[in-house]
Structure formats: structure tokens, C-alpha cells
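Asks: Dumping the structure here so I can ask a few things about it.
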Amino acid sequence: MALAHTLGFPRIGRDRELKKAQEAFWKGELDEAGLRAVGRQLRAAHWQVQKDAGIQLLPVGDFAWYDQVLTHSLTFGVIPERFRAHGEAGPTLHTLFGMARGVSDDSCCGGAHAQEMTKWFDTNYHYLVPEFSADQQFQLSWEQLFEEVDEARALGHQVKPVLIGPLTYLWLGKAKGAEFDRLDLLDRLLPLYGQILRRLAGQGVEWVQIDEPILVLDLPQAWKNAFERAYNLLQSEPLKKLVATYFGGLEDNLGLAANLPVDGLHIDLVRAPEQYPSILDRLPAYKVVSLGLVNGRNVWRCDLEKALEVVRHARERLGERLWVAPSCSLLHSPVDLEREDGLDAELKSWLAFAVQKCREVAVLARAATEPEAAEVLAALEESRAVQASRASSPRIHKPAVQARLAAIKASDAQRRSPFAERIARQRAGLDLPAFPTTTIGSFPQTSSIRLARQSFKQGKLSEAEYIEAMHSEIRHAVQIQEQLGLDVLVHGEAERNDMVEYFAEQLDGYVFTRFGWVQSYGSRCVKPAVIYGDLSRPRAMTVEWIRYAQSLTDKVMKGMLTGPVTMLMWSFPREDVSREVQARQLALAIRDEVVDLEAAGIRIVQIDEAAFREGLPLRRNAWPHYLEWATEAFRLCASGVRDETQIHTHMCYSEFNDVIESIAAMDADVITIETSRSDMELLEAFEQFDYPNEIGPGVYDIHSPRVPSREEIVALLRKAARRIPAERLWVNPDCGLKTRAWPETEAALVNMVAAARELRGDLARG
């Protein structure tokens, strides 16, 4: 039998027990002993459910109180000085949570801002970025891994501790203070890995999993050389070592990975099935090969028959050296499909969450040597039925959608006239002042808004009562904006729970789970919608709300939509058609909404593409294809309107230099971006490229409750005006105001409007 193992399991619990315990601990409602007890219960339950599913070698070290990279930072003593409490012997859970969430000014060690958080490769999980200093010292400072190994072994489990590898850990971090090469720290860090491996050996461990996902990236030669040096040094340490790669193919790093002096290599055959034959040919004859055949980051059942073809071939070549696993950690998958008691039976039969994926791995491993076992035959028969159902279901395949896709012409993804002609007509029709002021779309989601939405879903409010409650919120938002003197208004999005879910609920081809939660970071869990079939819009989604808002004012009201790429990136996508096809289907649905908004008298429509840059592939050579279809999808949804209708887009991230040409190719009339935290430095990209359209650089950070002064905003706008012609500048916050409270929102917008008026005065005076 091939060995069945997993690279990691979701830590949040079937009912988000970890989230609830974390938040209770932060509020002081649960003490540390209570929090630790919840952690122990979750780990025990997760090991047992994997074992019951047929997993033979269980991961330990995949549990984290907040984030696995942060756990490693504590383990290695990489704790910034601002979080070191004087007199404490070592880090505590309070240290860990302080690094993740920041520390208030009235705490024992004074105020300290949280560490930076960023995306874990191309997933929707976020990690805490390690902060390295040039004189960084490493020392073993956190016992969690060793305690959990003892815990699992005491329960009778065969374990495989999981470590983030030394090169990946350094790659994920940032140099703070003086600039230096993070690779300079490698020789200081490696002795800690030696200590850890020796201690694990002393605990009776046989195998350790060392995650090096940066092997699927474009690595500089110095980092490739460092891999060889590091693993040659670690070769003398005890334990069998499995280097795990995932999220892509090894490509030019294949030879490097295959020849590292370790005992096994895990490869992702879901993201990069084409690397399989080369790996077998290049790998030394003593090494274990772990095949990632079950998708660890989506919700669809595995095509067991197709996967079994690979397993059989690998078994012939590898014999006992074959292991079977998910493609990556199951952290990115919901926990257990059995919790879903309200899902349509046919749709549910197509899905697999983490527990079900463990069973699929176990079946494939067993099928390698026992192809006629009753359990294997039954699973294969069920899998065949599922694949046949998905291939032929009219719920998935919609002839009308496919015919419309086939009929798309190049001109459908082009505005009728060039920007210079459009903007002249728009300026004449909109009659806005210089430095026009607006917001990004959402206003504070108050407790009364959330209660009304919840009551409506529970049937406690009638539809008429709910509409009136939302109309009341819209009236309030419009009234405040008029009082503040904003130039382009929004309706405030009171009716929207989430910028993707709100639209997905109204599109055919999406389904929603009740318990399909995955961790985004810390206690923040998200429940992505699932795209199961061809996508279309049966009816207008936003028109009545925006039409009502426009009826309340003579000022310009802006329609607010989520773009096709963001809808796709923040959903669980289909696997039977490409992301490009799904983006086009979404673009057509959104296009219909844009056209309907124009017909309702709305003269500005904003189409948010918050996830546009997130969709970039990990390898640069794959960027051009992605950027081509992503920009085309945006233009397709935005190009059904007249020249007089102004299209805005919003992007909230902090790196534009490498995609600026593609952003220009989207051809939005106005782009609003997040720039305040960079002190407008991001605008260099737009200046150097000579970005042709209009720009609204964010003038204050909405992630902080702090109210910026008029003088601060004026200074930022003057800095922006040195880079972007004044006639092309808009004035707006960085992002939506959903998470802020009304008092700070109004105070900040008062200063923003005053700053815009001061700039207009400057302009008039020449």
C-alpha cells in the first residue's frame, strides 16, 4: 500500500471553535487555560478524523494560534523589540497576539503597531511577515511544536512534524532598518533547524515535512545556491526529511529540488500535472515521492479514476517509495461537508471538504496495492457517477450562456470612442468642479443595518419592511453626503453583506454553503461562494437601490458593482472550465447590469477590481496570458455604454509598477487607488508610464479610526498634483468606509472636502 498523508489540516474547527475562543480570549471572557483547552480539543479531534479517514502519517505543527509563519517567528525568537516586555522570561500568547494585532498604548509594554500581513502566495490566506534586522539573532524561544508532538504521540498517533523551510521562511520576511540581504541570515538560522530536528528525533519522530513552496517561484541564482548549501548542512542532522512544494510546478527548479540531499519530495500535481514524468526521471532511486493528487484548495470531488492512472504508473516505478497526499495543506479547504444539511443533494454530491479529501487520499493510496478491495471499487464507482453527472448536468451547462460567449466580438470589449473623446463628453455632461470629491462606495455598516438584514433573512421582517429599512439608511447616507458637500454621491451599500456574496446570490451558477468556512487570517474566516455552472444574471441586481438613491438628489449618483476578476478570485471556481471562461461569463452578467444602470439614468458606474493584481500567476512567464484575459474581462463588462457614461474602477493594493500597462489597458475613465500609507509614492508608476486617464489617489487611510487633518490631505494632494495633471485628479479616501463609525467618517470627509476646495483655490489663482 502507498502511504497516505496530509500536509496540514484546517485549524478553525467544524464550527469555527478556534475563532470563538480567540475572540473570547481577546475580550477577557476566556482565560489562557480555557483557550489552550480549546486548542487541545481541536488538535485531538483533527488528528482523529484524519486517522479515521485512513491517513497514516498525521501532520503536527499545522495548528497555529493565529498563523503558522508567526508561530515560526516565535519559535526562532524573531520578535521585534517593540513586543518584548521587560522582565518576561520569554514570549507568551500575549506576545504572539500582540505581534498579530498590535498592542494598545495602555498595555504593559506601551503601544506597538502590528506586524505587516500579506497574502500567502496566490491563496486568500494571509500570513504575518517576519521582521529581520541586520544583526538578527535566532534562538529557540517557543515550545509549541514539541508540546504538540508529545500530545499526538500520547494519543497513539504516528506523526510527521511540519516546518516551514529555512529558505522559504527568510524569503517571506522583510529587512527592517538598514537594507541587507536576507540570505546573510541563513548561516545564523540553520543551527536552529539542527536543534529542532535533534529534539524531534529525541521525541521518537521518524519523518519531518519541510515546506519549501518558494521552489515553485522564479528564484534568483543566489537563492538556488543557498538551497544546496542549506540542505547539505542539514543532511547530517537526524530524521528523514520530506521537502514539500505546492501551488505550482518546479519548472527550472526541478533539478535543484530533485537533487537536494533529503529523503523525499512532495509535488503538486493538481496545479502542475505536467511535471510528473520529469520528476520520476530526475529523482534519485532512494527517494520517496509524494504525489499531490487531491486538490487541497478547492471544494470539488477528485476524479479518482483519472488520479488512479497516475498512482498505478507511479507504483510500478516507485514501489514502496510512493506516497499520496492532497496538493497542498487542507488549510485552504472548508472542514467537513457533512455539516452541510441544507445543500441541494445533487450539488452536495459533487463536493468534498477537508475530511472528504482525506478519504479520497486514503482510497488512492490503498488502490495502489489493493485495486480490487471493496472500499476502493465502491469509491471508484461513486466517483465515476459524480463525474458523469457533472459532465452532463443541465444545471452546469447552459446553451444560452455558451452561445453568448461564442458570439463575443473584439469590438464588444472596446468603448465606442477613445478616452480623449469620451472624457470631453463626460465633463460636459457631468459638470463637476476641479478635484471632484467622492467616496469609494460603502458607508458604515451599523448594528441596525446588520440587524435588519438578519431579521429579513430569518423571516422576522417582511420584504416591504426590509426595503423601507434600507431606504431609510440610503436617505441618511445621501443627506450626509449633501451636507458634507461631496460632488459625486454613493448610496452607501447598506443592503450588501459582502462585495462578492451580494452579487453571487443573485447570479445563476453560484451556490452557497452554510459551513464552508476557511481561515483568511487569525480569527477572520470567509465563506467563499462556489461557482458550479455557467454564470448568468436572471434580473437586475442593484438598479432599484441606485435609482431610489438618485431620486433623492440632483447630484450625480454613482452605481457600485464588483468586477469579474474579483468575483472569480474570491470564489471557489469551477475546475471543468478555465478561469478565463468563468471571468468572461461574469463579465457578460455585469455588463448587463452596467447597461441597465445607464438606462435608469445613472451616469457614473464604478466596477471594483480589488483582486486584479492578486490573480497574477506565481511565475512571470504566465503573467501575459492572465493580464490579457483579465483586462479583456473588465473591458467586456464596461463597454456596453455610451461615451457619456463614466466608468470608474477601484483597486486597493500597494504595487502598480509591474502591471501599470495592463491597468491602462482596462481603459477605465477613472481609477481610484490606495496611496495614503505610501505618502503618494505609488503615483510614481503612473507618472513614469504617463497613465492617460483620470486618477483618484486615496488621501486618507480608512483602516485606521484616526481622522486626518485638512492640512495633511492638502499636502498629499499637492504632492499628487506634482505627478498627475490637476485636471485629471479626483479626491477620495483609500477604500470603502464600511468598517468605520459615522463620527470619524464625517470628520474625515469634512476635512477631505475642505482640502479639495483649497486646491481649487490654488488652481484658480494659478
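Every residue gets a Cβ built from N, Cα and C, even glycine.
So Swiss-Prot has the following annotated:
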type: BINDING; residues: R16, E17, L18, K19, K119, R524, C525, W570, E614; note: 5-methyltetrahydropteroyltri-L-glutamate binding site
type: BINDING; residues: I440, G441, S442, E493, D608; note: L-methionine binding site
type: BINDING; residues: I440, G441, S442, E493, D608; note: L-homocysteine binding site
type: BINDING; residues: H650, C652, E674, C735; note: Zn(2+) binding site
type: ACT_SITE; residues: H703; note: active site, proton donor
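Describe the structural surroundings of these features, if you would.
Replies: Counting every protein chain shown, the number of other Cβ atoms lying within 10 Å of the Cβ of R16 (5-methyltetrahydropteroyltri-L-glutamate binding site) is 17.
Spatially close to S442 (L-methionine binding site) yet at least six residues away along the chain are V490, G492, E493, R496, G736, L737, K738, judged by Cβ distances under 8 angstroms.
Cβ neighbours within 10 Å of E493 (L-methionine binding site), excluding its own Cβ and spanning all shown chains: 24. Mapped onto three states, the DSSP output places E493 (L-methionine binding site) in coil.
When secondary structure is read from DSSP and collapsed to three states, H650 (Zn(2+) binding site) falls in the strand class.
Reduced to three states, the DSSP call for H703 (active site, proton donor) is coil. Close to H703 (active site, proton donor) in the fold, though at least 6 residues off in sequence, lie D734, C735, T739, each with a CB less than 8 Å from its CB.
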Asks: Would you count the other C-beta atoms found within 10 angstroms of the C-beta of C525 (5-methyltetrahydropteroyltri-L-glutamate binding site) for me?
Replies: 17
Asks: Output, ordered by sequence, the same-chain residues six or more apart from I440 (L-methionine binding site) with a CB under 8 Å from its CB, or 'none'.
Replies: V490, Q606, H650, T672, I702, N732, P733, D734, C735, G736, L737
Asks: Which of the listed binding-site residues (K119, G441, H650, C652, E674) has the least company, meaning the fewest other Cβ atoms within 10 Å of its Cβ?
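Replies: Lowest Cβ count within 10 Å among the binding-site residues (K119, G441, H650, C652, E674) is K119.
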Asks: Between the binding-site residues G441, D608, C652, E674, which lies closest to E614 (5-methyltetrahydropteroyltri-L-glutamate binding site), Cα to Cα?
Replies: C652
Asks: Within 10 Å of D608 (L-methionine binding site) (Cα-Cα), which of the binding-site residues L18, C525, C652, E674?
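Replies: Those close enough are C652.
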Asks: Work out how many Å separate E674 (Zn(2+) binding site) and K119 (5-methyltetrahydropteroyltri-L-glutamate binding site) at their Cα atoms, rounded off.
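Replies: That comes out at 17 Å between the alpha carbons.
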Asks: Could you name the residues, excluding I440, G441, S442, E493, D608, of the same chain that surround the L-methionine site, i.e. Cβ within 8 Å of the Cβ centre of those residues, in sequence order?
Replies: T439, V490, M499, M560, Q606, H650, G736, K738
